[in-house]
Amino acid sequence: MAASSRAQVLDLYRAMLRESKHFSAYNYRTYAIRRIRDAFRENKNVKDPVQIQALMNKAKRDLGIIRRQEVILETQEMVSCSAATFHTGLAFTDILEQRGQIGNPTCYPTPSQQR
């Protein structure tokens, strides 16, 4: 494998791992990281440039899927947090402000966070 191809593969591998670490749900995060590592290990001895390019294209598509899935999960979390507004009496924006970020797995503020 040419040095530039190797660098591109490593960049893609790191990007996929980095994006997978953004999943707030433990099960999604660990599954994605495990699958990425397994897939790259499985194909580490591939020498055929055509096959390497095909695997790179598949990995790029998978990276796009990971990024879209993160957005979908965050959106679902926001919807569940807006439902929490009815239970806590706090506005949705107040909940997000207290959490400091959207990716936090818990929507409900602790009693010390309530006004």
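Count begins at 1; order follows the chain as displayed.
Glycine is treated like the rest: Cβ placed from N, Cα and C.
Automated prediction, rather than curation, is the source of TrEMBL annotations.
For 7-64, the entry in TrEMBL reads domain 'Complex 1 LYR protein'.
Note on the domain 'Complex 1 LYR protein' (7-64): DSSP counts are 47 helix, 0 strand, 11 coil. Model confidence over the domain 'Complex 1 LYR protein' (7-64) stands at 94, taken as the mean pLDDT rounded to a whole number.
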